[in-house]
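Participant: Below are the features I grabbed from TrEMBL:
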DOMAIN    40-431  domain 'Catalase core'
ACT_SITE  H90  active site
ACT_SITE  N164  active site
BINDING   Y378  heme binding site
Amino acid sequence: MSRIAQAVKETATSMTNTAKIADLQRNIIDPEKTSAKGQNTNFGVYMSDVDNWLKATDGTTTGPSLLEDHIAREKVSTFDHERIPERIIHARGTGAHGYFKVYSDHAKKYTHAKVLTDASRETPVFVRFSTVQGPRGSADTVRDVRGFAVKFYTEEGNWDIVGNNIPIFFVQDSMKFPDLVHAVKPEPHNEVPTGQSAHNNFWDYVGLQPEASHMIMWTMSDRGIPRSLRMMQGFGVNTFTLHNDKGERHFVKFIWTPELGVHSFVWDEALKLCGQDPDFHRKDLAEAIEHGSYPKWKFGIQVLPESREHEFEFDILDATKVWPADLIPIEYIGEMVLNRTVDEYFPEVEQVAFCTSHLVPGIGSSDDPLLLGRNFSYFDTQISRLGINWQELPINRPICPVLNNHRDGKSRHRITKGTINYWPNRKGVLPPVPLEQGGYVEYAQKVNGVKQRARGAKFKEHYNQAQLFYNSLAPHEKAHLKNAIGFELDHCDDPVVYQHYTKILNNVDFELAKEIAIKVGGTIPDVPARPNHGKKCALLSQTDFMPEEPTIKTRRIAILVADGFNGPEVLALRAAFKAGGATTWLIGPRRGQVYPAGQKAEEGEGMLADHHFEAQRSTMFDALIVPSGDEHAATLAKEGRTVHWVREAFGHCKAIGAIGEGVAFIRDAVSLPGVELQATPNSDSVISSYGVVTVGKYDAPSSPGDLFKIAKSATDFVSNFAFEVSKHRCYERELDGLTSRVAY
């Protein structure tokens, strides 16, 4: 890291402290700033040799190692026990610190929870993102649900929202959860596949559980392959309750919506990144925070009074159903910002533990049958992984005082003085706290029923919302969903599985089922199993969440260069995109100095290329530009890898820019079909065609104020190109069949 970058990071760090960060300082040690002379044992004795086991030797030949070497045994034994059981699900994760705040006391009419009503507060949070199926060593960019778990360190205690990037779930009742996980995990006879749901057992299971039909639509959509953890929504999934000072109860859903919009990879790109950069998402999160581009989400609630619980065709307690925003609007009441990376992965990201039952006064559970099982399961799991005192670990402990009569157990940290460890006691120590003083009191819910294993009548309908979601997708999203299901079922080699699932799809949409059946060899339906109701809903398609103002903030733009490129042009481009909050990366034939036109190689003044063509690929960037320069363009044309860079970016619907001789390189060497290019050398007229922006020459604006704009109809190259980048991708290129004509 450069000195400037280090200074920026240190300045940012000083601005990101919260009460939780201050609390963690009690456990943070910086080896570079310690007063210790050097390494010592766990019991504090300095070690004079940390490389050689104590042996019986004459100094010439190696003798036996001695068991009496307690220093070596401590070192090796500690290493042997470094690992704890990884999570059964959500094992692959990353995380960051930040804060949460509400805009006003808007929610006070629903709840007396201060974290949701006190606008003067800034509540510390820790967020852990994760995949579901794969182990810790799997890749970030697999098709999967993403965990989105938030721990709020409130003044009243910890509150956990243990959510996902998809608002619903596969099953309605937690009793089914073990079977679901067994089915989606690698098959037991060969432990294959890792991090994928494309196998017989998963599709067999969901095919026999129609309640999973809605969730399959979501996971096979673009939601299953998010571009960035910073560009996906978060949902509490379950139905919770809010309680106000009047003793009234409301049902509630919790929602996070990212400032940058909701964006995804294309499937070919996600597949390639699994091998090229399996840590892409965790690196992307850290890169944004370290550059000061802090990820930000709006926090919303959907709220229903108890009186409206039964007025919908679906049961609001059914976790396989969304609350359509057309019927129950989202009220955005606050925001969350992540502004600090972790200091050490294991004690923070790996040891952080969440429970859906961690609630604060003013927030409660509901009778959601999936939630009630989760309330038991999460606490039970944390005991298994971390021990009964897991909430004493630094990352998990609350910032408010914690005192009770719990004692002993494995890994107990706290030492409690005194003779009293029970209630009631003769000294009146640690009495219960009434509601008026902040004690948690459950809502007095009236219950009437018969003890039986059963579900509500509305829980038995499984396809209406699957249709609603499918109907609400944009054309390119529907195409991606079809391709995803086709990919997954093609990996199932048991005809019983893929033939049966095409019958399930026929309950969602006849044409969808027919197209998939033809592709994978399934059962081709003759008639719809049930009519598609044709209804749509807002805020289900990712296209509904584009930022209000176009932005290229945090977008990664690759600039392909070889010796002889136009130096002033590249400097101007980098300055312009930096002004828009994007990062630019020079990619050249080597990492090191690449020399612009007019500079002699090895002697003149070059520019430092960040990476070389083979080490990085277009998949790792959001867009690319080929600047002008005769010699530079001729060199690129002879490089098969640079030709592939452009073709692959084109196939992935990314913005591509070219100037001067760079346009000729794209025209002659790459040959993009159906795209209009600027054919006139030295013309300053910009042509934008299917996300490919070209111009004969580019002159940087003389006025700094005109350096950067985002505009569709602008005549300036940078403005046009920035607009194409802000769209995320040019899906018209795919829908019009252009991408299928390019080999990538």
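Even glycines carry a Cβ here, placed using N, Cα and C.
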Participant: In this predicted model, what is the average pLDDT of the domain 'Catalase core' (40-431)?
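Facilitator: Summing pLDDT over the domain 'Catalase core' (40-431) and dividing by its length gives 96.
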Participant: What count of other C-beta atoms do you get within 10 angstroms of the C-beta of H90 (active site), across all chains shown?
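Facilitator: Here the count is 21.
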Participant: Which ones in the same chain are close to N164 (active site), with CB under 8 Å and 6+ residues apart in sequence?
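Facilitator: N164 (active site) has long-range Cβ partners V145, R146, G147, F148, G234, F235, V237.
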Participant: Taking only the Cα atoms, work out how far Y378 (heme binding site) lies from H90 (active site), in Å, as a whole number.
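Facilitator: Computed Cα spacing between Y378 (heme binding site) and H90 (active site) is 12 Å.
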Participant: Tell me the Cβ neighbour count for the residue listed as 'heme binding site', meaning other Cβ atoms within 10 Å of its Cβ, over all protein chains shown.
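Facilitator: I get 18 for this one.
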